[in-house]
């Protein structure tokens with residue numbers, strides 16, 4: 001400063017405003033950095049999911065978390081059940097030491113895609129439901145039969161996608177305790193009769209009867225039942241806005257894991273969930289019923305009076 005000339009200093013209010021702006025800018029930069037790091041972690045997590053990149057790149061954060069949790073539960077379901085499901089074949093690394101022929105290479109390539117071939121050949125879709133009632137896995141072929149996506153269903157509650165009148169049926173097949181079904185949102189018969197036209201979304205997840213193990217091998221295993229599941233397909237296969245229902249025939253078995261119970265000499269198993277194959281049952285019209293030579297057709301009204309009868 002030159003002597004005799006006044007210096008310009010910012011006022012107290014100006015200094016406070018400047019400091020406040022600097023703090024805001026620093027806070028915005030820190031928040032932007034946190035969001036960037038968080039988005040990167042979610043992006044890396046999505047890439048680890050066993051899904052095509054075209055799908056994982058479109059997932060939101062909630063879907064990534066839901067699918068990741070389902071995948072981890074599915075790994076536990078596969079490894080802890082009896083028998084364990086292991087992708088490793090006998091031989092391990094020794095197989096790489098053997099000189100491969102063209103036939104063995106073709107076989108290896110086919111086995112890599114064997115799961116997709118099996119799904120395409122099945123007249124239905126495959127799903128795995130935990131004993132809590134959540135889809136751990138459902139094949140992508142579900143979109144062909146119900147119009148629903150694999151990503152939407154995985155990790156969701158099965159009770160959100162079946163008819164309210166079938167909630168008790170599904171809960172019984174999964175082994176959910178009766179006194180916990182109301183908390184799970186499973187409607188009883190008299191409740192579902194009045195609301196069969198509407199769908200209900202479960203607020204929570206049913207709690208399984210995990211404290212009591214399965215009976216020995218005589219009572220676990222096979223399951224076969226019919227339920228109604230949501231569908232967004234019309235008869236022509238076109239998507240519609242409002243969801244209807246399709247009749248699904250479910251066949252499968254309860255997967256259990258060995259359980260050690262003190263004081264018991266019998267081998268006991270605890271249920272882990274249901275592994276099933278689902279077939280859609282199309283509604284058949286009278287013209288589609290096969291008529292044998294010893295059959296004839298007649299019609300009656302509501303008073304059971306015959307209004308029509310074939311000559312035969």
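Glycine too: its Cβ is placed from the backbone N, Cα and C atoms.
When the ranges 117-150, 151-184, 185-218 are checked against TrEMBL, the one recorded as region 'Disordered' is 185-218. As a whole-number mean, the pLDDT of the domain 'BHLH' (22-75) in this prediction is 89.
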